[in-house]
Each structure stands twice: as C-alpha cells, then as structure tokens.
Amino acid sequence: QLLGNQDHIKLEPEKLKKAHDEQQQKLEGRVLALGQELQEAKGAVGTGQRRLVEQSAVLLTCQGQLQEVEAENSRLQLRLKELNEEYRCRLGQYIRDVANYMDSKPSSVTGHSKGPARQAAMKNFVDSMLRDIRASYKSREEQLARAARGYRKRMKDLARKHENLLIAYGLQREQIQSLGSSAVDCGPAELHFCITDPELLTNSSRELNRLREDKAKLERQLQELQKGLGLMSGHDPNELFCPRQLDEEGWAEVRKKLREFALNTQEDLEQERSQLLTRAVVAEEQVSELQGYIDQHLAR
C-alpha cells in the first residue's frame, strides 16, 4: 500500500510548498502594503505637526494682534469720552449764547419794552434744561461707576477663589504623587489653569505663576529622567523614583516653604486690598467734593 501511494506522497510536498509560497507572497505583499501605510501615516503625522506649528504661530500672532486691538480700543474709548465731554460743553455754551441773544433782542412790538423777567425767560429755561441734563448725566455716570466697581469686586473675588482652588488642587496633586502609583492620573499641572488676564493679575499672582511654570518644567524633566532610567535598567520608573524613597526631610522643607510663601502672599494681598479699599473710599469722597464744588462754582 505504501509503494502504491508513492506518487501521492510525492505530490503532497509539492502542494505544501506551493501553498507556502503563495502564503509567503501574500504576507510579503501585506508587509509592503503596511510599510506603505506606515510611511503615509508618518507623512500625515509630519504634515499635522507642521500644521500645528503653523497654527500655533498664527495663534500667537492673533493673540498679539488682539492685545494691540484691545489697547487701541481702550485708547479710542477714552478719546471718545473726552470728545463727548468737549462737545457737551460746547453745546451748552452755544445754547447759552443763543439764549442770551434771544433775551437781548429788542421787542418787535412797538410801544412795549421787555421787563427784566421777560428778558431772562429764555436764559432761565436754558439753565433749567442744562441742569436737568447735567443731573441725568451725573446719575447715569454714578450708576455706571457703581456697576463697574461691583464688577471689579466680583472679578477680584473670583480670582481670589480661583487662586485658592489652584492651591488646593496643587496640594491634592502632591498627595496623589506621594502615593507612588502609576495607575492614578494626577491631572494637568496647575499652570494649565492659571489666569492670564493682565487686569486680574497682581505681583504676587505673577510670581506664583512663574513658580508654577518652573515646577511644571521640573516635573517634565523628572518624568523624562524616570522614563530614560526605566528603559536603561528595565525596571519600573515609579519603583526607581518613588517619592516615598526621596528625602522626606527635603520634601517636608519644600512643603513648609510653600505654605509659608502662600500665607505670606495671602497676608500681603489682604493688606494691599485693605489699602486699595481705603484709597478708593478717600478718592470717592474727593471726587464727590470736587463734583459738588464744580456744580456750585463753575457756572458762576
């Protein structure tokens, strides 16, 4: 039976070799296709990175232009306010001149002369109208000033609460990092959530933002160092650089300095806020006195 199946046995290796060659050709074609797709993906990634860099540059340029436009807008608004005030004064003076001209004009009725009350009728009407206009403008300006002060106060309160939240968030990130677990995501750095509006930033806030930026850079360098040493040694980076294995006294000293800096900064901010409130109250009193003096003596 074996001798009779020799032809069949000879054909089987040929079939297997042929099938193997076909499979190998298919795999080679698949590998070539995957390599081409990989090259295309790399090209797409490079194109995306170039576009991202270009968009980042455009974004920075647009931000700079936006700041310039905002500054120009503020300057134009101030200039518009000055021009409105100037035109308002001119209009009032023109109306007074017209009233004086109308009161000084002789009567067209023959045989009758104007009395003093009749002569000053137009002037009295114009003075009353201007007083009403000034009173309405003054009430509106006071209303807008109160609204602006309330808005600034709310913005400062929100900025202070945001700063307290950032401090609490930073402490929580430090506690999570001290556990030394790589499975827990600590979240982005505090610098990612900092306020960048120059109007809401004080000197202390700018200093804190600078320290947060330095801290974020150090954290990135530490992560890169952990990855590099982990790849070289074949160990888990968290086991090599676990915060528990670091100098506990050094960490305690750093936390103590951070707490002292935060407390001192808060005290300085409170003192600055109380001084500013006192100056604001004094300035409001002076403005009210000057406005009363202007209303009483400027017309005379």
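Glycine is no exception: its Cβ is also placed from the backbone N, Cα and C atoms.
A TrEMBL annotation is a machine prediction, not a hand-curated record.
Residues 259-286 are the range that TrEMBL records as coiled coil, among 147-174, 231-258, 259-286. Taking Cβ pairs closer than 8 Å, the compositional bias 'Basic and acidic residues' (7-23) reaches no residue in its own chain that is 6 or more past its ends.
Counting residues of the region 'Disordered' (1-23) by DSSP class, helix then strand then coil, yields 18 helix, 0 strand, 5 coil. Same-chain residues lying 6+ beyond the ends of the coiled coil (259-286) with a Cβ under 8 Å from its Cβ atoms: 149, 156, 160, 167, 202, 204, 207-208. For the coiled coil (201-228), the model's average pLDDT works out to 74.
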